[in-house]
Amino acid sequence: MLCILILLLHPRLCPVTKGGLGKPSGDIYTALFGAPCDCKGGTQTNNYATPTYTQVTDCGDKNAYLTYDTNWNGVSSPKWLCVRKPPSIPVINGRPGPCPSECTNNIKSQMHSSCYSSFSQCTQGNNTYFTAILQRTKSTSETNPVTSGLQPHGVLQAGCDGTVGKSVCWNQQAPIHVSDGGGPQDAVRELYVQKQIELVIQSQFPKLSYHPLARSKPRGPDIDAQMLDILSATHQALNISNPSLAQNCWLCLNQGTSMPLAFPVNISSFNASQNNCTPSLPFRVQPMPSQVYPCFFKGAQNNSFDIPVGVANFVNCSSSSNHSEALCPGPGQAFVCGNNLAFTALPANWTGSCVLAALLPDIDIISGDDPVPIPTFDYIAGRQKRAVTLIPLLVGLGVSTAVATGTAGLGVAVQSYTKLSHQLINDVQALSSTINDLQDQLDSLAEVVLQNRRGLDLLTAEQGGICLALQERCCFYANKSGIVRDKIKNLQEDLEKRRKALADNLFLTGLNGLLPYLLPFLGPLFAIILFFSFAPWILRRVTALIRDQLNSLLGKPIQIHYHQLATRDLEYGRL
């Protein structure tokens, strides 16, 4: 027992041995394969292709790769192979520099983003292109094809054409219905579509110019009126579909930009002739995985007026209806097209494939009976505590519930409760001061109004007063400022009592505020003291009991009883 206590109290006395399955240190690699920048495996100068490697080290103008080769004997010893970095393209007068010599009269129309590690911009003639070092080749492929009586259509995945390790250049804008896998060409297409939609909106609704003094201020982090309307509508819909849940629930919004949910709907009720919708900029949504639904399709005209909205690849199109005119969705619906972008209206020159979907706000619903998750303190004094990850919000500020969060949770909860109480008192105090200031302004305004009323009555005295002159009912001012001031005074007195009660509470202010933090440790400390106090007495009592039992067993005399045995001679004598 004593050795265990010494080891627990003095952990530094024990030798520490580290082990694991991590990679070896750099010294071991240097001893086995040499310094990386020495390039013992050679320097690759004919191209800039990245070899197969396990580690890479930056050596300034080149990168050192720890490569390995495979042959019929197995894997050879790794070596550091150096590959020189491609020359960077400088920026001259705000424009990218000239393209590499390999790109002369060899500009590609498309390039998949998986075929290069990084890209930059270059200029050739009066045009700007993307350029990169080609790492692999790839052929063009088609995804999500639809053949429902119309011409097959889908999104084409761009290929990679060129020599591996050499520079390639390609256009900034890919051909229509060709995707580079989320690379720069897809980003340029999204910006182009957004700009074209802005032009359509400006042509229908001219932009108003405001005076700088009349320009509205940007909204802060508070919830605006539109979001409150969305929350109200969501609660009304929930009240209709699930009244029991709507009676007591939380409606939770995600932080940051909200992405609505998109559910594909049937187009049986769609009316292609309606054109009373208002276009807006496309916004990103979260399409829900769904089954087969009909799609809207319009082929490309192969001219500069086409607006490629992309191809909806999150749903399998059961059929495809061809439309050559502008389309408007129904109320509460939108067209979801490529890259999960939703359009409230499709212009006449759109091209691509879209799905009609209903939009719902991204709101999480938590029942009022369930606990609302809040963060917990997992690390106290450098040691990780066993704490409940999710605790109720309304009960988590109390003392009893905080015991479940660990030994340190009680002190933190009590201190947090104290700070919250002070904060609430200060907030209510500030609110009462604000109401008092508003009441002063109202009193001043009332005095001005009464003065104006008396002046108007004097001016219209010959006509019987202002009321007869206007042929209206006379209005009189009912001054209730005294009632408001009395309520504010009572509120301030109550706040002062609460502040004094918190200050006089020894449980919260004892030992200069350290008592709430010491209380969690007093229980275990008191238990340890009781254990070491009564353990010797209990040990003595048990030892004495065992000794008495042994003595009583060993002290008893051994009694031997003799009995006369019958012999066979006596039996024969009787005979």
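The backbone N, Cα and C atoms fix where each Cβ goes, glycine too.
For the residues Asn126, Asn276, the entry in Swiss-Prot flags N-linked glycosylation site at a single position: Asn126. Checked against Asn266 (N-linked glycosylation site), the recorded positions Cys249, Cys252, Asn316, Asn322, Asn349 differ in C-alpha distance, with Asn316 being the nearest. Sequence-distant neighbours of Cys252 (disulfide bond) (same chain, 6+ apart, CB under 8 A from its CB) are Ile363, Asp364, Ile365, Ile366. Cα of Asn316 (N-linked glycosylation site) to Cα of Asn239 (N-linked glycosylation site): a span of 33 Å.
With DSSP classes pooled into helix, strand and coil, the tally for the motif 'CXXC' (249-252) is 0 helix, 4 strand, 0 coil. Following the DSSP three-state reduction, the secondary structure of Asn239 (N-linked glycosylation site) is helix.
With respect to their backbone Cα atoms, Asn322 (N-linked glycosylation site) and Asn349 (N-linked glycosylation site) stand 13 Å from each other. Closest by Cα distance to Cys249 (disulfide bond), from the glycosylation sites Asn126, Asn239, Asn271, Asn349, is Asn239.
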